[in-house]
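Asker: Feature table excerpt (TrEMBL):
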- 73-332: domain 'G-protein coupled receptors family 1 profile' (DOMAIN)
- 57-82: transmembrane segment (TRANSMEM)
- 94-119: transmembrane segment (TRANSMEM)
- 131-152: transmembrane segment (TRANSMEM)
- 173-192: transmembrane segment (TRANSMEM)
- 223-247: transmembrane segment (TRANSMEM)
- 275-299: transmembrane segment (TRANSMEM)
- 311-335: transmembrane segment (TRANSMEM)
Amino acid sequence: MRPTNMAIRFNVSIPAAYAVLEDVVYVSHINDTKLVTEGSSTGNGTEGYDTEDISNLVVAVLFSIIVAVGFLGNLLVLLVIFTNKPMRNTTNILIANLAIADLIFIIICVPFTAAMFILKYWPFGDFWCHFVYYIIYVSAWASIYTMVLMALDRFLTLVLVFRSLTLKTERNTYIVIIVLWVVILLINIPAYNEHGIYVYENATRQRCLDINLAHNREFDAQVFYTCFCLFGYALPLTLTIVLYLLIVRKLYVSNSPERTGSGQMSRARRQLTHVVVIVTAAFAICWLPIHIAFILKVYWGVPQDAVSAFIYFQISAQCLAYMNSCMNPILYAFVYSKFRRGFQKLLCCRRGAQFNFNVETTVRRWRGSSRGNSIRQMAKDERYPLNHVHHLTTLDCSERVS
C-alpha cells in the first residue's frame, strides 16, 4: 500500500484527473482509477456521484450566465465606443480591444468547456481540441498585454504629456494592436500542440487535455506552464504595476498640473486611470488561482489526501478565470461615467427620452414657466437637489456621450 501523504502526478492511468485549465475532473474518475488508497477510497464512487452531478450542473449554469452577460456586456462596450466619435480616444480603443479578446474567449472557449462538464467527454474532434485551447491562451495573453498597453497609455497621458501628443494617435494605436495580435498568435503556437485528444477506457472515451502531462513528459509541461505563468501573467503585471507607481508619483507626490488642477479634464483623466487600474486588478485576482494550480500541478503534484480538495479548487479557479471575461463591462458601468451614460443611451434611450419629456413638461406647468425653460433651469431653484437634476439630465438621450 502506498503512503497516504504521497504526491501523485498525471500518468496514463488517470487521463482525466490532472489536465490543466481546460480539463474537467471528476471524483468518480479518481475513485474508478483508484488514485486514493484503499483506506481512503469510497469504493465504487457512488457516494460522490450525486455531488459530482450537482457540481457539474452548477458550473454549466454558471458558464451559461457568463456567456450571456459577457456577450451582451462586451458587445455594448464596442457599440458605445464605435458609435460615438468622442469616445474613440486611444484608451477606449484599447478597452475595445480588451472587449474583443473577451468576446473571442466567450464565444469559442466557454461553450465547449461547458459541454465537457455536461457530457464528461470530448465529442468535437481533434482539430477543435487543439484550436479551442489555443484560443484560451491567446485570449489570456491578449487581455493581459492589452492592459499593459492601457497602463502605458495612461503613463504617456499623465506623465509624458508633451510626448504623448505625437505618440497617442488612433493610427498608432491600431498599428500597435495589430502587431500585438500577430505576435501573440505566433508565440502561442506551442499551446496548439500542447493539447490533444487522449483516448482511454479501452478506446471507448476520449478527452481533450494536456498531452505532455498525460504521457508523463513532465519537463515539457513544466517549460510550457512556467512560460505561461511568467510571461503571460507575472511579467506583464509587474510592468503594469511599475507604470502605475510612476503615475502615482507624478499625480500625488509632485506638484503637477494634473494633481493641482480642478478642471473637468483632470477629473476625467483620473477617472479613466482608476478604471484601468481596477480592470487590471480584477484580471490579476481572477487569474491568480488558476496559475497557482498550474505551478502546483507540474512541479509538486498533489498529495493523495488532498486530491478531492484540489479538484474543487481547480474547478473554482477555472470558473473565476472565466468570470473575468464578463466582469469588465460591469466595472465600466459602475466606475466610468461616460460608459454609464453610453450604456443608458443604448439600453433605455426611448424610455429615458419619454421619462425626461414627461418630467420637463410637469415641471414647466407647475412652475408656470415658458416653453423655452429646460431641466437645467431647475438647478437654479433651491428646492431641487443637484443630484436629482443630474439624474434627469443623464437620462436625457439627447445628451451627447463624450
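One is the number of the first residue shown, and numbering goes on along the chain from there.
Backbone N, Cα and C define each Cβ position, glycine as well.
Those TrEMBL annotations? Automatic predictions, nothing curated.
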Asker: For the transmembrane segment (311-335), which stretch among 94-119, 131-152, 223-247 has the most Cβ pairs under 8 A?
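Answerer: Of the candidates 94-119, 131-152, 223-247, 94-119 scores highest.
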Asker: Average the pLDDT scores across the domain 'G-protein coupled receptors family 1 profile' (73-332) and report the rounded value.
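Answerer: A mean pLDDT of 84 is what the model gives the domain 'G-protein coupled receptors family 1 profile' (73-332).
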Asker: Same-chain Cβ contacts of the transmembrane segment (94-119) under 8 Å, 6 or more residues past its ends?
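Answerer: 22, 24, 56, 59-60, 63-64, 66-67, 70-71, 74-75, 77-78, 81-82, 128, 131-133, 135-136, 138-140, 142-143, 146-147, 149-150, 153, 173, 177, 180, 207-208, 279, 318, 322, 325-326, 328-329, 332.
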Asker: Most CB pairs under 8 Å with the transmembrane segment (275-299): which of 57-82, 131-152, 173-192, 223-247?
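Answerer: Stretch with the highest Cβ contact count: 223-247.
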Asker: Taking a Cβ cut-off under 8 Å, which residues six or more beyond the ends of the transmembrane segment (131-152) line up next to it in the same chain?
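Answerer: Same-chain residues near the transmembrane segment (131-152) but 6 or more away: 21-22, 91, 94-95, 97-98, 101-102, 104-105, 108-109, 112, 124, 176-177, 180-181, 184-185, 187-189, 191-192, 194-195, 208, 228, 232-233, 236-237, 239-240, 243-244, 276, 279-280, 283, 287, 324-325.
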